[in-house]
Amino acid sequence: MPSRKFADGEVVMGRWPGSVLYYEVQVTSYDDVAHLYTVKYKDGTELALKESELRSQSSFKHRKSQSSSSSPSRRSSSRSRSRSRSPGRPAKGRRRSASQSREHKDDKKKTIQETSLALLVLVLFKPSENNTKRYNGEPESTEKNDTSCIILEEKLKPDLEIKRVLEQYSLRPRKDDKKKEEIYSEKKTFVAVKPIEKVPLKTKELEFGGRIGTFMLIFLLPATVLYLLLMCKQDDPSLLNFPPLPALESLWDGRVFGVFLLWFFLQAMFYLLPIGKVVEGLPLSNGQKLQYRINGVYAFILTAAAIGVLLYFQFELHYLYDHFMQFAVSAAVFSLALSIYLYARSLKAPEEELAPGGNSGYFIYDFFTGHELNPRIGSFDLKYFCELRPGLIGWVVINLAMLLAEMKIHNLSMPSLSMILVNSFQLLYVVDALWNEDAILTTMDITHDGFGFMLAFGDLVWVPFVYSLQAFYLVGHPTTITWPVAAAITVLNCIGYYIFRSANSQKNNFRRNPADPKLANLKFIPTATGKGLLVTGWWGFVRHPNYLGDIIMALAWSLPCGFNHILPYFYVIYFICLLVHREARDEHHCKQKYGLAWERYCQRVPYRIFPYIY
């Protein structure tokens, strides 16, 4: 195994990815497995570079030209030569030595190379018009940059003319010129190529409490779901009134498990239908872009049609309410089996297909967070499918079943106002997610987290059975609210939805096309990665305005349940904790990714989620 060349803390010159330019960097760590150095640039950006992309600082220092004096033999022979001059030779006072002439030419060539390099830097790193106008959120004239470029070009003209003359009358063989052109063309080709293949590093910073924390969560999450559902079944769902544990045989029903499998594979069939557009995701570490079929809305419509047919033939949909606990256990067993399959197949996955956050080398941690980033069976993307289809659409079906169960149990001709509000608010949320399905491709779940127990259990168990907790609670604990209260709760939900949707739309539109004229009023801070950080609109109000809208909506979903018990407010309490934790993860990743630009953004936008509070 080759030994490392550069030590930790050593300051060297590192090549910027996608270019031939070198910058001063500091070595922070070295991966013995991937043979990659983690380096930190002056602006705080951290990247992983190969040893061939690093050079010592001494190799970049300019060497002084040393004039070589004539050899003794030449000096003696020059004395013996005739002192007469030919008509074409210059006068003695004006004549230069050979070494002085060479120094002059070397200086000229060096000047030409330096100025040419300066021009190349201007061309490569000249900001777009959209960036220049809004650097750091402050107007900046593009004419200033263009004028400076023109002035520099004017200064370069004499030097470039000298270079042309020197090349024209150079005694160097043309073969060398040809080699030089080939090398230059290779450099230009290299600059034009964007991605540089990156080998994923081992996950060093463990989240969720590391190995011990993830091991406990594997048991804590199913226990929490079981506890919440048992509490809702009680007449007095107080926190101190712990529910009795049911018999194990009552938690399992083979027929229920069969219905769950039927539901899962029905949604898989809808996902595979050749309807809807196909879009590309964000580039992977190897530069590849995966394709995704966007047909969630069609799957929702087909599901609604299937439910309508079942109701037409008088199928008792409140069967879901009667066997709600068994459905939750069936989903948990299926998610565990799916997680085991995902981890087993990830052991054979190539290194570049592993998740950045789930490649620690520890079994429990990688099993929980997900070892493989985008597990696929052919074109069927398992993670993307589970994110929106069986759990999210199942959430709406469960809410409908709770609504029908309330009407049947309490002999109502129509559902209560509280149940209507909960169903309507959450239906709007799900339809919005499916309508903007391609927006999920830029989220951390898709781009960073692997597909393991955390997402499998979250998508298939936590979302449908915990997010529907308000509707499940209202069946056994009906709550009456007045129309003015209902109107106030509706306004609150609309405010939260407006913040959530407009903030996400600003972010997604800006990511797709920052030069869109419709976004001309938005200001942003450019970063070394080529992306911009918005500092106006909702993203100049707080750093995560979409999380703020999410929390306001979560509160509106819980308010129709009244204030008799805290149980229906578990969702909003949990959601605040979840989003605060996710915000901390976002901050950490953005600090590593954007460096100094992120620090400037935090100074410009000091509040994270809640303005003037947090």
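The count begins at 1 with the first shown residue.
Positions of Cβ are set from backbone N, Cα and C atoms, glycine also.
TrEMBL has this to say about the protein:
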COMPBIAS  66-75  compositional bias 'Low complexity'
COMPBIAS  76-97  compositional bias 'Basic residues'
COMPBIAS  101-111  compositional bias 'Basic and acidic residues'
DOMAIN    4-62  domain 'Tudor'
REGION    53-111  region 'Disordered'
TRANSMEM  208-230  transmembrane segment
TRANSMEM  250-273  transmembrane segment
TRANSMEM  294-313  transmembrane segment
TRANSMEM  325-344  transmembrane segment
TRANSMEM  455-475  transmembrane segment
TRANSMEM  481-500  transmembrane segment
TRANSMEM  521-542  transmembrane segment
TRANSMEM  562-581  transmembrane segment
Do at least three C-beta pairs under 8 angstroms join the transmembrane segment (208-230) to the transmembrane segment (294-313), pairs 6 or more apart in sequence?
no
Report the DSSP secondary-structure composition of the domain 'Tudor' (4-62) as helix, strand and coil residue counts.
7 helix, 28 strand, 24 coil
Surrounding residues of the transmembrane segment (325-344) on its own chain - C-beta under 8 Å, 6+ positions past either end:
222, 225-226, 229-230, 246, 250-253, 256-257, 259-261, 264, 366-367, 370-372, 375, 382, 451-453, 456-457, 459-461, 464-465
Tertiary contacts of the transmembrane segment (562-581), as residues 6+ beyond its ends and Cβ separation under 8 Å:
228, 231-232, 237-239, 418, 466-467, 469-470, 473, 477, 479, 481, 544, 547, 550-551, 554-555, 609, 614
Which sequence positions outside the transmembrane segment (455-475), separated from its termini by at least 6 residues, show Cβ-Cβ distances below 8 Å to it?
221-222, 224-225, 228-229, 232, 237, 264, 321, 324, 327-328, 331-332, 334-336, 338-339, 342, 370, 383, 386-387, 390-392, 394-395, 398-399, 402-403, 405-406, 409, 416, 418-419, 422-423, 426, 445, 449, 557-558, 560-561, 565, 567-568, 570-571, 574
Six or more residues out from either end of the transmembrane segment (294-313), which same-chain residues have a Cβ under 8 Å from its Cβ atoms?
266-267, 270-271, 273, 275-279, 388-389, 393, 396-397, 400, 430-431, 433-435, 437-438
Average pLDDT across the domain 'Tudor' (4-62), rounded to a whole number:
80
